[in-house]
Amino acid sequence: MNLGELVSALNDFASLSLAESWDNVGLLVEPSPPHTVNTLFLTNDLTEEVMEEAVQKKADLILSYHPPVFTPLKRVTWNTWKERLVVRALEHRIGIYSPHTAYDAIPHGVNDWLAKGLGACTSVPLRPSTAPSCPAEGTHRVEFCTDNSEHLDMVLSKIRDIQEISCLTTLPARVEGEEQTRVSLNCSQKALLKVVALLSQNSLYQRTEILLLQKPLLPHTGMGRLCTLSEPVSLLDITERIKSHLKLPHVRLAVGMGRTLESPVKKTALCAGSGSSVLKGVEADLYLTGEMSHHDVLDAVANGISVILCEHSNTERGFLTELRDTLAVHLQNKVNIVVSEKDRDPLQVA
C-alpha cells in the first residue's frame, strides 16, 4: 500500500478526533513521496533500540502507540535521542504514525483489552466520547419572536453581518393570540455573544431562547472503563488475574481502608497508562491503572478503594499482539505487520 492509503485506513480504524485535545496523534514523520509500505512495525514506545530493530526488519512505517514527537522540536540534530529518531527515520525512509489516546477510546481498544484481565464483566466508558461534530451547524440555536417587522429587518441585517451564523430562518407565529415573526438561527460560541448583545440592545433578549446543540455520545467509546464483574471475586484473586493477563510477576497493590485481600471486588474502574485524572472520584471497589501519584493513591485508599498499579506501559503493550491481528483483517493482509521484540517497560525491580 502507498503511505497515503495506509494512513487513511488507520484513521478509519480509529478516528483521530477521538484523541484527547492535548495529544499529538497521526502521521508524525513522512518520507518524501512516493512511499510504499510493505512492512508496518508496531511498538508501544519508540526508543533508539526499537528504531534500530525497525531498521533491521526493513520497516516502512512505524506505528508507535506513544507519540515519540510530543513537544515541538526546535531543531533536528544528533544531540537528543528524540531528534535522532527523526533523523534515523528519514535516513531509512521510515514513516512514524501515532494513535495514542484514539486507541484508548475506541471499542475493543487498549482499555477494553485491559478489561479482559478481570474476567467476565460488562463495561462502560468512564468519560464517554462525543461525535466529532454537532448534529447541526454551529454549537447553539437562538430563537426569538417579535411583532415589529420594520425593527426586525434592521436586526436581521445586523445578524447577517456576524460571522459563523447559519440556518437563519423566519416563520410566522401566533404568541398569546398575537401575530408575530419567529426567528431561528444556529451560531458558534463566539457568534453567540454578539447575537445576545445585539438582541439586548434592541430589547429582544427577554423573549429569546438559547439551546445548546449537544453532540451525541458515541456508544462504547471513550476514556477509561467502569467494569462490573459477573460474579464478585476476592482482591487477591483479581490481582492474580491481572498479573496473568499482563504477564507480570508482580504489581503494586494498595489495599483500601477497611478492606483485606479477601474483600470482594465487584466494580473496577480502570484506565491504561496514567489514569489519575480519569479515575479520580469514581465509585468502585478497585482502581486499575499503570501509574498514579502518591497522593491520589492515598485518597483512593482513604475512601476504601484498593489500587493496583502495573507501571505505565505494562497496561498498554500487550494490546499490540491483538492489534496486529485486528489490523491484518482491517488492512486485508496487504501489508506485513510486525510487533517489536525490543519494546519493553523502562522500569524493573533491581
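Using the three backbone atoms N, Cα and C, a Cβ is placed for every residue, glycine included.
What TrEMBL says about a protein is an automatic prediction, not a curated fact.
Computed from a predicted structure; not experimentally measured.
These come from TrEMBL:
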BINDING   His66, Asp104, His312, Glu316  divalent metal cation binding site
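In sequence order, Asn44, Tyr65, His100, Val110, Ala272, Gly273, Ser274, Gly290, Ser313, Thr315 are the same-chain residues whose CB sits within 8 A of the CB centroid of His66, Asp104, His312, Glu316, the residues recorded for divalent metal cation being left out. Taking the binding-site residues Asp104, Glu316 in turn, the residue surrounded by the fewest other Cβ atoms inside 10 Å of its Cβ turns out to be Glu316. A simple way to gauge crowding: the CB of His312 (divalent metal cation binding site) has 21 other CB atoms within 10 angstroms, across all the protein chains here.
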